[in-house]
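My questions will all concern the structure given below.
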Amino acid sequence: MIRVAVIGGSGYTGGELLRILAVHPKIEVTYVTSREYAGKPITLVHPNLRGFYNMNFSQFSFDKLGDKADAVFLGLPHKVSLEYVPKILEMGIQVIDLSADFRLKDPTLYKIWYGYEHPYPDLLKKAVYGLPELHYEELKNAKLIASPGCNATATILAGAPLVASSLLETYKLISDVKVGSSEGGAKPHEGSHHPERQNAIRPYEADGHRHAAEAEQELSLIAKRDVKVSLVPHAVSSVRGALASVHGWLSSDISEMDMWKKSIEFYKGRKFIRIIRSNIHPYPDPKFVIGSNFADIGFAIEKRMQRITMFSAIDNLMKGAAGQAVQAFNISRGFEEDEGLRIPPLRPA
């Protein structure tokens, strides 16, 4: 059994990690920390986990971590992970970091998108971007996994078959992402407070969301050329789910059947990708992936405008966060990638 610690386990992502890991047959959760709730039961914060955890949150200590863990999931805010990752790696413990601190390979991008100089450029080179559909082989035996952001995940999974197809007139894409309120975290603030969020469809960071940097990095690798992404997220009143609509312009005609085949071929063998095309539900809808690690992919072609739109629907807390982190961890350990994740979506949701 792999001993696993969850550092920062009181938020929505931490709770979702604990939900998945509670039924993972190859791991044992041995250490869960929270600054705010240290000494209090995990089930006080996550009552849905009653009957699965009979332990309290702990105050973090490097000494205790060394005695208790073979791998660590970090559910900490951006910049805070920087205080933990180097020391944990020095201790010989694997790190799966769910913050943005090690996602970008170019250290200069951190000043542009996050407002700070990255202090560990060498670790950026060693970190593996934890999107298994693109980095399966690199994840094997990875010691530092940088788990992608939810808006970036949805955008990349939608855009990847398109940029791989060599069909675009321009490699400037527009990604419109609708995302549920759980993306904002467990701590309420004015923008995410339920009476303010309910019935809202509210753009935010419309002049350039920082997850665009991840999308550009990954899509450029696939296309083998520079890809630019304008990513505009919208806050909606649902709790879970993210839908990315990625718009591009075609250089030549392509039939729906050919695009269907290209999408299927690109994601061949990927357990959590479902290519969607049906009469009743012709396009992906987050409603049908809630509670699971699946990503539903689809597309539409507007021939009049030579426009193609690729769609991706995910649960932002699963494929957009905790589920994907566990999927990447599984691959790094030589487990089946769906270990602990064989969970069908909820319905109704």
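Cβ from N, Cα, C; glycine included.
Got these off Swiss-Prot a minute ago, pasting:
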type     : residues                           : note
ACT_SITE : Cys150                             : active site
BINDING  : Ser10, Gly11, Tyr12, Thr13, Asn316 : NADP(+) binding site
State, in Å as a whole number, the widest CA to CA span among the NADP(+)-binding residues Ser10, Gly11, Tyr12, Thr13, Asn316 given in the record.
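Farthest-apart Cα atoms in Ser10, Gly11, Tyr12, Thr13, Asn316 are separated by 17 Å.
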When you rank Ser10, Tyr12, Thr13, Asn316 by Cα distance to the residue listed as 'active site', which of the binding-site residues ends up on top as the closest?
Asn316
Work out the three-state DSSP category of Cys150 (active site).
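Reduced to three states, the DSSP call for Cys150 (active site) is helix.
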Per DSSP, Thr13 (NADP(+) binding site) is which: helix, strand or coil?
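The residue in question, Thr13 (NADP(+) binding site), is helix (DSSP, three-state).
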Just how many other Cβ atoms lie inside 10 Å of the Cβ on Thr13 (NADP(+) binding site)?
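Result for Thr13 (NADP(+) binding site): 28 neighbouring Cβ atoms inside 10 Å.
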Just counting, how many other CB atoms are there within 10 A of the CB of Asn316 (NADP(+) binding site)?
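There are 30 such Cβ atoms around Asn316 (NADP(+) binding site).
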Look up Asn316 (NADP(+) binding site) in the DSSP assignment and reduce it to helix, strand or coil.
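Where Asn316 (NADP(+) binding site) sits, the three-state DSSP reduction gives coil.
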